[in-house]
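Trainee: Before we start, here is the structure in question, set down as structure tokens.
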Amino acid sequence: MSQFDVTVIGSGPGGYVAAIRAAQLGFKTAIIEKYSTLGGTCLNVGCIPSKALLDSSEHFENAKHNFAGHGIIINEPQVDIARIIERKNEVVDQTTKGINFLMDKNKITVFEGLGSFESATQIKITKNDGSSETIESKYTIIATGSKPSSLPFISLDKERVITSTEALNLKEVPKHLVVIGGGVIGLELGSVYLRLGAQVTVVEFMDKIIPGMDGALSKELTKVLKKQGMKFMLSTAVSAVERNGDTVKITAKDKKGEEVVVEGDYCLVSVGRKPYTDGLGLEKAGVELDERGRVKTNDHLQTNVANIYAIGDVIKGAMLAHKAEEEGVLVAEILAGQKPHINYNLIPGVVYTWPEVAGVGKTEEQLKEEGVAYKVGSFPMRALGRSRASGDTDGLVKIIADEKTDEILGMHIIGARAADLIAEGVIAMEFRASAEDIARSSHAHPTYAEAIKEAALDATAKRSIHM
Ligand SMILES: Cc1cc2nc3c(=O)[nH]c(=O)nc-3n(C[C@H](O)[C@H](O)[C@H](O)COP(=O)(O)OP(=O)(O)OC[C@H]3O[C@@H](n4cnc5c(N)ncnc54)[C@H](O)[C@@H]3O)c2cc1C
């Protein structure tokens, strides 16, 4: 029987990063993945393919609506959805192959097949053809991720009533896409098809979209997406989804309790994701789950079985690739006797709509609830020279700092390249910077990042220069 120091089950961003870090630290490492391609949800049916489609659809949107304003005259652009999907597949293929390269480079043994515990130290790998082998591992890291969840009364036919996975592979642009759930995935994929010409209606149970993010971002994003043509039915609880031929009928109750019906040709159900532990044989190893079906872990991400750890979407916390990656590194370093740490307050959240939305640290709503005395500085993107040059004038930067100490408690951005800009907030907060620290740092001109400096000036002493 093959023996390993560390075996990782699942090759998503949590799993493959854990394996690389373990190998770097000198452990004899294996990774088990049930699919033929490595990279998990993120690389195959999540982060990367969705961004590829967002980029393609953004090019189309620009060609259709923005080129003429820049003085570029082209014939009416057309969508070739087959090519858009094919290009997305090429991007996924290149990216997942990159993970195979990294596994080879780090001398990590890759097993293709379903990993399931035989005991706390033995894992059976069952291949598609039914053959199997069992390996022995001193430590195991569970990184089996998550799957799309649904509502009990919805039957997903995966043709017209679909999850994000199918939405990444449509053969036509929907005429009317009804999205159930105004969270990150629904808004990103809704944006893709809106830009490609679909009518898009988002039905959301809460009274706002992206409910976990700062209220200012949610408000601004609603305004901008409405301007782009997206329709919203907020405070609306879906009660039935029925498919009849090429039509999907969504029945819901609005906030007055009145029945509303919306019909489309596709319905994307994006109401969240659930941890995935099917077929893992956790009972044979004695690993416990929590009340929400997640693998239960302590602060060191160790399960109730001492040599078994768990990371990423399958445990508590934000379901984000970079959170999973940090946890993969943390566990490998703990196994090597190091004392790593993750500040979960500083895991940024991003929505890749256009404009992009990103936030880190506390929201204003959270600080109010916690009774913390704070001050707010903000700056609109439209006041930046860079934004006017590119034409991306929607959005704002909002910085929340401690009323007394000026320490930055939260940074919230909606605007062009917010996903990249938020790194400044993360770094500043990792080093416990004050708003004044940012305000006194030179920011290249003209850049979108100048809005961060201006918001920091506003938070420090209401002294932004360009407003
Ligand atoms: C449409 C979409 C867009 C997203 N966009 C972003 C984004 O822009 N940024 C971001 O941070 N996050 C994004 N996410 C979330 C991100 O994909 C997840 O948070 C991330 O993939 C979690 O990583 P993980 O390693 O925990 O698990 P996963 O990536 O889910 O990987 C788990 C792997 O384990 C394998 N597996 C499961 N059970 C077994 C078993 N018993 N044996 C062997 N293998 C097994 C699975 O096949 C899978 O490959 C997106 C998700 C979706 C669906």
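Cβ atoms are placed via backbone N, Cα and C, with glycine included.
Pulled these from TrEMBL:
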- 4-328: domain 'FAD/NAD(P)-binding' (DOMAIN)
- C42-C47: disulfide bond (DISULFID)
- K51, G115, T144, G145, S146, D313, M319, L320, A321, H322: FAD binding site (BINDING)
- G181, G182, G183, V184, I185, G186, L187, E188, E204, G272: NAD(+) binding site (BINDING)
- 347-456: domain 'Pyridine nucleotide-disulphide oxidoreductase dimerisation' (DOMAIN)
- H445: active site, proton acceptor (ACT_SITE)
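Can you tell me where each of these features sits in the structure?
Mentor: Look at C47 (disulfide bond): DSSP puts it in a helix.
Applying an 8 A CB threshold to same-chain residues 6+ apart, the list for K51 (FAD binding site) reads Y352.
Taking a C-beta cut-off of under 8 angstroms and a sequence separation of 6 or more, L187 (NAD(+) binding site) has the following same-chain neighbours: V179, V202, I209, I210, L221, L225, V351, T353.
Secondary structure at H445 (active site, proton acceptor), taken from DSSP and collapsed to helix, strand or coil, is coil. H445 (active site, proton acceptor) has a Cβ environment of 11 other Cβ atoms inside 10 Å.
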Trainee: So the record assigns G181, G182, G183, V184, I185, G186, L187, E188, E204, G272 to NAD(+). If I measure every Cα pair among those residues, what is the longest distance in angstrom, as a whole number?
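Mentor: The widest Cα-Cα gap among those binding residues is 15 Å.
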Trainee: If you draw a 10 Å sphere around the Cβ of A321 (FAD binding site), how many other Cβ atoms fall inside it, taking every protein chain shown into account?
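Mentor: Within a 10 Å radius of the Cβ of A321 (FAD binding site) lie 20 other Cβ atoms.
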Trainee: Can you list which of these recorded positions (C42, C47, T144, M319, H445) have a Cβ closer than 6 Å to ligand 1?
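Mentor: Cβ under 6 Å from ligand 1: C42, C47, T144, M319.
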Trainee: In the same chain, outside G181, G182, G183, V184, I185, G186, L187, E188, E204, G272, whose C-beta lies within 8 angstroms of the Cβ mean position for the NAD(+) site?
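Mentor: For the NAD(+) site the neighbour list reads V179, G190, V202, I209, I210, S270.
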Trainee: What residues, ordered by sequence, lie under 8 A Cβ-to-Cβ from E204 (NAD(+) binding site) and sit at least six positions away in the same chain?
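Mentor: In sequence order, the residues whose Cβ lies under 8 Å from that of E204 (NAD(+) binding site) (at least 6 apart) are G181, G182, F232, M233, L234, S235, T236.
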Trainee: Across all chains shown, how many C-beta atoms besides its own are within 10 angstroms of the C-beta of G181 (NAD(+) binding site)?
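Mentor: The Cβ of G181 (NAD(+) binding site) has 22 Cβ neighbours within 10 Å.
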Trainee: Can you check which residues sit near T144 (FAD binding site), meaning Cβ under 8 Å from its Cβ, same chain, 6 or more apart in sequence, and list them in order?
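Mentor: Counting only residues 6 or more apart in sequence, the Cβ neighbours of T144 (FAD binding site) under 8 Å are I9, G10, P275, Y276, T277, L280, V314.
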